[in-house]
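Asker: Before I ask anything, let me first share the structure, which is written out below as structure tokens.
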């Protein structure tokens, strides 16, 4: 009986721990993470204070923080080739990182770090020098900055069969030296690295290449981490939020279900299907059942996104900033529909897969600059600063904890729906106008369409809609309108 009680206690403790790792630890009614891809720490700190917090964003995913290899031309992916756990990268040093985390936490913006637990850097001719000046010999699996030696890695082999679990989890992903996470020593180094970031005030981690590590090894590592730092405003006993990169198209030998109890999982099917729909390859009317009926994970387990830093560079259905009208519509739907833990992308311009972030002649990352409307220039795209996107972050906050109802569609690519009696969204992806009296479910009054304008001093700078006592309003979205979406909510009542 004592053994049974102990086993039950341990089981319940494990279940409680994994549930806690699904909690993003957001402030108040905030809901949305933004990935400020390749931004410098000092620029993120300022963005938290001057833009993200005032507009209700919840958190920032930052690029990898630990020292990486220096690759010719400085492609973005060099950040994913670590050679030590020193906190010095092109984004800044440890002092600048700690300052950024503190300043962002102080204004209610949580920081989530993209972490590399699967591997170290790939082969490099001779001695490699990292962003903190550390030397390594990747071809010999020698990384003195940790230190790691060959005994800390799986034997070298190539992934040639993606249906072979051994190859997927113990061979080298695109030649990157594959760490042995079953080793007590390797585990201790990874836990030490993550705990240091927790001490500095981060709220959690995006775990890169999670499917290439055995779930039982990750369970041990996650379970060994410290609680979040109460000095940064986290409650006592709060656990780090974990979201794991697991690419699973539904026929993978290593499946997302092996990881979704440990933390959230990146729902790549969401990205692919929303791209197909808003590119016109699937009618929007079918989105009424969006979510688990489409084979997606449970809402609380799914980290959702229109695109990410990887798949935005691929050919195919995934939308990116280069199709702005469809991208804004897809993002509006993403943030209005009650499914998933939402993340939006903030990119830099690229012409090919390897394009580096905007940099000067000395290959230093440059700070984003803004025009008079606050939109980024000088090579940064900053989708999160597009009015149609940051306004929908405000919409998502306004309608939090409300149900979707009042769905309408024209049998094709015009749709609308309500969120409780607090918000209304309409989308037109047809080649003809949407002009219709629709039920907005809102209290009577005049509302500002937050995608076309802003409510300033009681006046709307864009479209406005008058809602009658029955909740109906006349909705017009022209086929050639700049935006194919219209959004109303109670916090934008004129």
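Backbone N, Cα and C define each Cβ position, glycine as well.
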Asker: Do you know which of 206, 239, 400, 419 Swiss-Prot groups with 308, 343 in the chloride site?
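Answerer: According to Swiss-Prot, the candidate sharing the chloride site with 308, 343 is 206.
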Asker: Which of 196, 212 shares the Ca(2+) site with 118, 169, 178 per Swiss-Prot?
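Answerer: For Ca(2+), Swiss-Prot names 118, 169, 178; of 196, 212, the listed one is 212.
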Asker: Residues other than 206, 308, 343 within 8 Å, Cβ to Cβ centroid, of the chloride site?
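Answerer: Other same-chain residues with Cβ inside the cutoff are 33, 35, 61, 114, 243, 245, 266, 303, 305, 309, 345.
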Asker: Sort out the sequence-distant neighbours of residue 418 (disulfide bond) for me: same chain, 6+ apart, CB within less than 8 Å of its CB, listed by position.
Answerer: 404, 405, 406, 424, 439, 440, 441, 442
Asker: Rounded to a whole number, how many Å is the Cα of residue 21 (pyrrolidone carboxylic acid) away from the Cα of residue 245 (active site, proton donor)?
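Answerer: Taking the Cα atoms only, residue 21 (pyrrolidone carboxylic acid) lies 15 Å from residue 245 (active site, proton donor).
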Asker: Report the same-chain neighbours of residue 382 (disulfide bond): residues 6+ apart in sequence with Cβ closer than 8 Å to its Cβ, ordered by sequence.
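Answerer: Result: 346, 347, 368, 375, 376.
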Asker: Using C-alpha atoms, which one of the recorded positions 48, 104, 245, 448, 460 comes nearest to residue 310 (site 'Transition state stabilizer')?
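Answerer: Its closest listed neighbour, by Cα, is 245.
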Asker: What's the number of neighbouring CB atoms sitting within 10 A of the CB on residue 460 (disulfide bond)?
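Answerer: Residue 460 (disulfide bond) is surrounded by 20 other Cβ atoms within 10 Å.
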